[in-house]
Amino acid sequence: MDRGSKRRQVKPLADSLLDALDYDSSDDSDFKVGESSGSEGTGNGSDEEGSKESAAGSESDSDAAAASADEEGIDDLETKDLNQEDDEEEKVKESFSEETSSKETGGSSRSRKKGEKSSDMEPNGSATTEENSAEPKKWNLRRNRPMLDFTTMEELNEMDDYDSEDDNDWRPTQGKKKGKASSGKEKEGSGEEDDDDDDGGSDEEDNEDDNDDDDDDDDEGNDDESSSSDSEEEGKKPKKKAGKNTGAFDEEETNDSHSTSHGKGNEDSLLERPQTWSSQRMEHILICCVCLGDNSEDADEIIQCDNCGVTVHEGCYGVDGESDSIMSSASENSTEPWFCDACKNGVSPSCELCPSQDGIFKETDAGRWVHVVCALYVPGVAFGDIDKLRPVTLTEMNYSKYGAKECSLCEDTRFARTGVCISCDAGMCRSFFHVTCAQREGLLSEAAAEEDIADPFFAYCKQHADRFDRKWKRKNYLALQSYCKVSLQEREKQLTPEAQARITTRLQQYRAKAELSRNTRPQAWVPREKLPRPLTSSASAIRKLMRKAELMGISTDIFPVDTSDISASVDGRRKHKQPALTADFVNYYLERNMRMIQIQDNIVEQKNLKDKLESEQEKLHMEYDKLCESLEDLQNVNGQLRTEGQSIWSMMGGIVGQKLNVPAVLKAPKERKPSKKEGGSPGKSSSLPAMLYSCGICKKNQDQHLLLLCDTCKLHYHLGCLDPPLTRMPKKTKNSYWQCSECDQASSDEADIAMETLPDGTKRSRRQIKGPIKFIPQEMSPEPKKPQVRGTRTRGQKRKRMSICEEEKMEEPLPRERRQRQSTLQKKPKADDTRTECTTCKGPGDNENLVRCDECRLCYHFGCLDPPLKKSPKQTGYGWICQECDTSSSKEEEAQEVEEESVNEETAEQEIPD
């Protein structure tokens, strides 16, 4: 049977298209060569097969067509049409000769495929071969579909009787072809799941028919000749790149990824296809706003509202799976828009359980709105229909939970006590937070489906939540928020006006239906007794009040809300209660007024008592001053009598001729050094009589309990007179003491020298910045405001008289000049203070590892101290003495006490004989 007879049996274009679309790929194995005489081209590789057939019989096509026309009685018009078809096949052959030559150099796998293709056209081109006629062969109908005269997807869509929805097994491919290049496009979308049309790596085709290998060797030479002869004309034919199909992606991902070109141009175009598909796939990833999951399955699909763009699982929202669950963007076969309950009712709801305004809502039986996630996680919330999660019932929950706890995760503290807060499910944890706040931080969890738990929804705080689960949930939440912000704008741009009008019309129908059902449904049951609820627990009320304050010009920032959870005061009564129209708040308000009256009366009584005590203190101070004057007179008389007694005692010793022991009465009393115990520490009584000390700054002697002794200058200061003022007494330890700011300023030069040895000067510069600025102008001022009297002693002069002689005082009458000279004299020896040797171990050292005692002036290593230290025990504002000096001072105090006791005993013995 020659080629001309086959050409006469070519079907019309419409019939060929219907045959191609109704074709079932599962019947390939039963299709014989003899049954395929009705079609000439192929669907997937018709261009290639046609080119190879024309290459095998390019010289005798016209003769064979004429002979067949004479035998069958075809008229001249039919012969002319067949000759035109011959010319078209020759053009197709020339356009694909380069691809055929490239396949020849592809390896053994390519040669097998070409051999099979040559064996397919061998029964058509040479009918004289007995082996081919005697043995029928199978062929792949997907590779030999009728050749279509369409080059782009748009031309197919223009046909009235074509429906792209039903053609799930067909997709045009792209490639640089001319003329009938659409046959190459059909190859990718023809439902082909094997690798027959790939680069030549098909092993299944060889296994199906082993006899094809013998024919491959026989016909390989013919293919080589035809491809080599046509390769010269390949450069003259321009190529066109077919338009890329950017339709909805579906489950044909494997076909798209496995379909490869047979030329370099097709390879480049196919490399762009997976990238485009992956970018489209990433753009369509949806996240459920209830569980934050992104897994969408057929049984539980993620659907999206066509109005507000919110995304949710069907199971998470209680969609029944009927027509209302089909959404235009959720499935490629869906045509009905879907809307959430809030959009159906045409409201912008506010949740009653939390301050968040995002997410998806459900309506309560009382006409309020709550988040679905809030209704699932808040204890006490019930559903009328468990499967559909509606309506939500809030009456079963105790109303005392509203505003009872403060949310620890709220971004705006003004909404921290709105709604209902849940607690952390980790044992005795006392963390409370809103459900949506916990969802924002990724703290919500849900038990697995196989676990049988009464309440499968639980939440943990940041401390007890799993770090990895929290991380991916937090990312999904942020991705969901960013997607919701841009989804509406993108959808409006992508939708056509007709689709937008269809969605708007459908939404109006839903809203009319919802309005009708709202008016006809029975009224929900509510308890007879009205339950009070704090107004401040409603987030919507707080927003309206804030808006009112803004319109009135009142700033809400100047009224900070004190939400500290202090349940009771010192006397056991509640310190603060949220304002509400309840009996508890009324009782609290009345009790607070009574307490305020009592406190005010107490303040008046304390003021009167203070005035009375101050008047008594003034009288006592006057008596004290008189006693001090008499004490000075008695001390002078006592000194004179002591000197006379000593002279008489020495005279008596001279008369006796031997040295007599001077009695304790005639001995001059030693000046007792004030110890650290005299700094006002309670519970330590001294043998000396109590004295009233005056402040070194204000020169007043009131508030003796607030006077602090400086261990360097031995002056007392009020805590409030210091710079900066102190709020409590400084702590004095065993080996440290306290000094005032001016003494510390003078002794800080030693620390500055040590700081200079550090590698960086950060601490030194910081030390210089911290120095008090108010003392610098006093030292640098050239003229003093008021000359100081020589006998007086002020705060600025308390260290001048310690290291200055009388000659310097005569030479420098002005105190300001003495101050400058004294500071110079004091700094010189401290600048030369270099510590080189440890007193304990006699080892070398420097200022970085040695510390000097402020009394004995000896140096010690930090590690040689008892106990050893890692850093200097000298702190800023405090001095330091070694352990030996501290022990010796305590021994001196004990010896002095013993001596005083002995003096008292001798005095008592001398008074007895009298």
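Yeah, the Cβs are placed from backbone N, Cα and C, and that goes for glycine too.
Feature list (source: Swiss-Prot):
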- C288, C291, H313, C316: Zn(2+) 1 binding site (BINDING)
- C407, C410, H434, C437: Zn(2+) 4 binding site (BINDING)
- C710, C713, C740, C743: Zn(2+) 7 binding site (BINDING)
- C838, C841, H861, C864: Zn(2+) 8 binding site (BINDING)
- C853, C856, C882, C885: Zn(2+) 9 binding site (BINDING)
- 792-802: compositional bias 'Basic residues' (COMPBIAS)
- 19-276: region 'Disordered' (REGION)
- 777-838: region 'Disordered' (REGION)
- 887-914: region 'Disordered' (REGION)
Expressed in Å to no decimal places, the gap between the Cα atoms of C407 (Zn(2+) 4 binding site) and C882 (Zn(2+) 9 binding site) is 54
Around the recorded Zn(2+) 9 site (C853, C856, C882, C885), other residues with Cβ within 8 Å of the Cβ centre, ordered by sequence, are D854, E855, R857, L858, I881, Q883, E884, D886
With H, G and I counted as helix, E and B as strand and the rest as coil, say where DSSP puts H434 (Zn(2+) 4 binding site). coil
Within its own chain, what residues at least 6 apart in sequence put their Cβ under 8 Å from the Cβ of C291 (Zn(2+) 1 binding site), listed in sequence order? H313, C316, E446
For the recorded Zn(2+) 8 site formed by C838, C841, H861, C864, which further same-chain residues have Cβ atoms within 8 Å of the site's Cβ center? T839, T840, K842, G843, G845, L850, Y860, G863
Across all the protein chains here, work out how many other Cβ atoms are within 10 Å of the Cβ of C853 (Zn(2+) 9 binding site). 20
Return the single residue from the binding-site residues list (C316, C410, C838, C856) that has the minimum number of other CB atoms within 10 Å. C856
What number of additional C-beta atoms lies within 10 angstroms of the C-beta atom of C288 (Zn(2+) 1 binding site)? 25
Excluding C288, C291, H313, C316 themselves, the Zn(2+) 1 site's Cβ centre has within 8 Å the residues C289, V290, L292, G293, D300, I302, V312, G315, Y317
Where among the binding-site residues C743, C841, C885 do you find the Cβ with the fewest other Cβ atoms within 10 Å? C841
Per 10 Å Cβ neighbour count, which of the binding-site residues H313, H434 ranks highest? H434
Round to the nearest Å and give the CA-to-CA distance linking C853 (Zn(2+) 9 binding site) with C437 (Zn(2+) 4 binding site). 59
In the three-state DSSP scheme, C885 (Zn(2+) 9 binding site) belongs to helix
Just jot down the residues in the same chain as C864 (Zn(2+) 8 binding site), at least 6 apart in sequence, with C-beta under 8 A of its C-beta; none if empty. C838, T840, C841
Can you count the other CB atoms that lie within 10 A of the CB of C407 (Zn(2+) 4 binding site)? 27
With an 8 Å cut-off on Cβ distance to the C407, C410, H434, C437 Cβ center, who else from the chain surrounds the Zn(2+) 4 site? C354, P355, S408, L409, F415, A416, G419, C421, F433, T436, A438
